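Feature annotations, reproduced from TrEMBL:
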- 1-18: compositional bias 'Basic and acidic residues' (COMPBIAS)
- 19-33: compositional bias 'Polar residues' (COMPBIAS)
- 37-52: compositional bias 'Basic and acidic residues' (COMPBIAS)
- 58-368: domain 'Major facilitator superfamily (MFS) profile' (DOMAIN)
- 1-52: region 'Disordered' (REGION)
- 61-83: transmembrane segment (TRANSMEM)
- 95-115: transmembrane segment (TRANSMEM)
- 122-144: transmembrane segment (TRANSMEM)
- 187-207: transmembrane segment (TRANSMEM)
- 213-233: transmembrane segment (TRANSMEM)
- 268-293: transmembrane segment (TRANSMEM)
- 305-324: transmembrane segment (TRANSMEM)
- 336-359: transmembrane segment (TRANSMEM)
Amino acid sequence: MMGDGDHPSDNISQHRDSTQVASDNMNEWTSLRNSKKYQEQNLKDEEKQREAEHASKKHRVILVAYLLSALDMSCLFMQISTIPYLAKNLGLDSIGFGSLQTTFGVLQLIGGPVFGRFSDQFGVRAALTLSFLSGSLFYLLLGISTNIPLLFMSRIPSLFMHGLPGAQMVVTNWTTPTERAGALGKFGLCMGLGMIVGSSLGGFLATKFGLKFPTFVALTGNLLSIPAVLVYIPPRTEPDGGGTQANPSKASSVFNIREIMRLMRLPGVMPIFTIKLLSGLPVGLFMIMFAVISINFFGLDPEQSGYLLSYFGVIQMGMQAFVIGRLTKRYSDGSLLLVSVAVSSAVGVAMAAGCTWNIDMHFKLLHK
């Protein structure tokens, strides 16, 4: 029985209202759940997009660093293959040429730590820009050298010519520890490529267009590298945006000797520096004497000397591509260093013995 005032249509209407409310609540909850899923999916998509953009940027920055180092080495070996002939034309003897190359080496040795400090203070992009500006001035002074004092003066900008270490800094900051060894190892290929292209091209251009022409080609290469650095190398090179921002307002100066010595006392730095110094000394002596012997003993012209230097580059690229990587996977760094020192010493002794034998035979033929 229905009470007074109760009507069947009222109950049906109330039931419909409660059903509608429940349906609305269900739709609202479903919409909210879908909205959260949509937001989560958006976040995931944005994260994937950021990762893809970062990977693309990382690949581009590292590729530009490799190209800049290869171009820097090509320009350097252009002048290495022609500077002995230019120095001889200006009246510089073998002892004077040795002093010229020693000046270059000493300035490079002094400028290395200063360049590193400059990079810490102002960032790698500023350091690479400084390197290529110094290289441009170096090749300009070399190209206009008409006397021996100006030739020696052209060595001064080499104090800040560190394009290869600067590019290595970029790659170091943009790679993880597991990627770093392989990424840095590719610089050996860049150096070999620079030796091949620079030496052969420098010798060819010097023979066809004059001894100073390769110098101005190298000048052009350095000038073109500057906008490439400014466009493609970011001011902050850490891939995660971490690390400390370059701060030129720090109290410590770029030329702070105490700070440089503090860095040298860090664990592992001094042994590596000593090994680099001792191993670089015979290489430097070889490069100096190679130029002198190729002119005075073998009578090679710039083109022939350049092709011979490029042959060394081919060997180096082959070693980096097919030998070094496999050896580092099987043997420790210390063992490989000892073997390399032993092999280098044996090659040096063999070259000295061969040169002495050739000189003895030369004098015997002259006396006959």
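Cβ atoms are placed via backbone N, Cα and C, with glycine included.
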- request: Rank 61-83, 122-144, 213-233 by Cβ pairs under 8 Å to the transmembrane segment (305-324) and hand me the top one.
  value: 61-83
- request: Go through 61-83, 95-115, 122-144, 213-233 and flag the stretch with the largest number of C-beta pairs under 8 Å relative to the transmembrane segment (187-207).
  value: 61-83
- prompt: By Cβ distance under 8 Å, which residues at least 6 away from the ends of the transmembrane segment (122-144) in the same chain are close to it?
  reply: 68, 72, 75, 79, 83, 86, 115, 150-151, 153-163, 166-167, 169-170, 173, 212, 215-216, 218-219, 222-223, 225-226, 229-230, 233-237, 246, 248
Field: Long-range environment of the transmembrane segment (95-115) - Cβ separation under 8 angstroms, sequence gap at least 6
entry: 83-84, 87-88, 127, 130-131, 148, 151-152, 155-156, 158-162, 165-166, 254-255, 260, 263-264, 277, 284, 287-288, 291-292
